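*Asks:* Have a look at this one.
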Amino acid sequence: MSWHPQYRSSKFRHVFGKPASKENCYDSVPITRSVHDNHFCAVNPHFIAVVTECAGGGAFLVIPLHQTGKLDPHYPKVCGHRGNVLDIKWNPFDDFEIASCSEDATIKIWDIPKQLLTRNFTTYKKELVGHSRRVGLVEWHPTAANILFSSGYDYKVMVWNLDTKESVIVNPVRTITCHQDVILSMSFNTNGSLLATACKDRKIRILDPRLGTILQEASYKGHRANKVLFLGNMKKLLSTGTSRWNNRQMALWDQDNLSVPLTEEDLDGSSGVLFPFYDVDTNMLYIVGKGDGNIRYYEVSAEKPHLNYLTEYRSYNPQKGIGTMPKRGLEVSSCEIFRFYKLITTKSLIEPISMIVPRRSESYQEDIYPPTAGAQPSLTAREWLSGMNREPILVSLRPGSQPLSPRPLPPEKPLSTPTARTSPLLLDHTAKLSAEDGQRPLSQPEGKAPRWAAEHRPEEKQPWLTNGFDIFECPPPKTENELLQMFYRQQEEIRRLRELVTQREVQAKQLELEIKNLRMSSAF
């Protein structure tokens, strides 16, 4: 019999939750009072969207991420639904596109303008009409562009292809009709080849999202699941719900065998739904209870015990819903590994909570920021529907690495423009060669730009993103707090640029050494 010590070495043992200061919260936000068990909040590096109270239909707010403080009571809404909005989700590959579903049995796709809204926004991009009853959940495919899943109170899951010119889409590409009751939760695995659902009939199902066939089904009577979640590439599922004694409970399952859970853990006797969130990069699991003030977090491992409790963030303010920031929007300089946006209905407040790994060094921590999923799809809608599967395209979070633009890059400028960054010596040399050949300097056939130009061109096209938005498009500060925030951002940008200069100097020295070695070898 092996003995396992109580102490377990982990770099995430001392992770702590840090709530934002009052001036960095979003105050006076009319948060919805709907009793539906959803997050009611969606966040990306540019905006925070939150479902709001609205007379005569459903609406939600879209607030720029840096616009903290007290919200104008007449702030414009995104409205167009005839019933209450039940769920909203940002497109993971386009930070300006959001999907919403409503009690009016429709799903709408919205293109949010870059500039601030000045009036209520009612012009939707697409409307999806197919459900016969209200639509409770929407979910974007994690790797394929323009593929959206929706589930309604008609017990159906519908697969929509948005890569069409039609503004009103009536026919989904697939309708999954294997459920016998209301679908409470949907979750994809990493490459989107499997879909897990939790249903009101107490069953967890793993489906083929293209064919709609059931691959695995759990009918375990001791656990009534409300929410289900794939745990990355660990081939495991986590579900939260209640035990047969009505205690709040979470259970871990093997995705290849759903007959009996691998482990079960009772949490408490409260009645609020538990929302699970999993960080694939750190293998950390966060459990957020509706109506609770605390956030529990665990580290998931492949060996027993699979769920290792770390600690919990505690607060007196209960959360109505919660949103999470994608990894590419985090502050890596402060070792932030996760960020929640907590909806506090009692105070009409949205409070950001940063989960931070305490480190003394201010340099980039490679061990806690492995390559993560970026904002670029790895498949087109046509490729995914034809049966292809691909893993997400990974990007580095290191400051100075090439950011992915949420919009397609504009057409490239000709090399003769004065904005092209070229070495004077290289220009001189090119001009001499062109003169000898009787051509105009710097003229190149279309589509045959030199290699050095291709290497330098992306740097002049990409926006200077800091904390998730363009620093040159940021409005001027109006208060002392905003001025301080701008100052800190500029200091961070200066530090990042210094690191970039140091890297370039090292590269230059390496090239000088290579040239010297080549000269010496050619001399002999």
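Residue numbering: from 1, along the chain as shown.
Glycine is no exception: its Cβ is also placed from the backbone N, Cα and C atoms.
Annotated domain 'DUF1899' per TrEMBL: 5-69, in sequence order. Per TrEMBL, repeat 'WD' is recorded for 78-112, 128-170, 176-217. Here TrEMBL flags 396-459 as region 'Disordered'. The compositional bias 'Basic and acidic residues' annotation in TrEMBL covers 429-439. The annotation coiled coil is assigned in TrEMBL to 494-521.
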*Asks:* In the repeat 'WD' (128-170), how many residues does DSSP call helix, how many strand, and how many coil?
*Replies:* 0 helix, 22 strand, 21 coil
*Asks:* In the predicted model, what is the mean pLDDT computed over the repeat 'WD' (176-217)?
*Replies:* 93
*Asks:* Restricting to the same chain and to residues at least six past its boundaries, which positions have a Cβ under 8 Å from a Cβ of the repeat 'WD' (128-170)?
*Replies:* 36, 38, 83, 86-89, 91-93, 99-109, 176-177, 179-183, 185-188, 190-192, 195, 197, 207, 209-210, 212, 373, 377-385, 389-392
*Asks:* Using DSSP, what's the helix, strand and coil tally for the domain 'DUF1899' (5-69)?
*Replies:* 3 helix, 24 strand, 38 coil
*Asks:* Mind checking how the repeat 'WD' (176-217) divides into helix, strand and coil residues in DSSP?
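*Replies:* Grouping H, G, I as helix and E, B as strand yields 0 helix, 20 strand, 22 coil.
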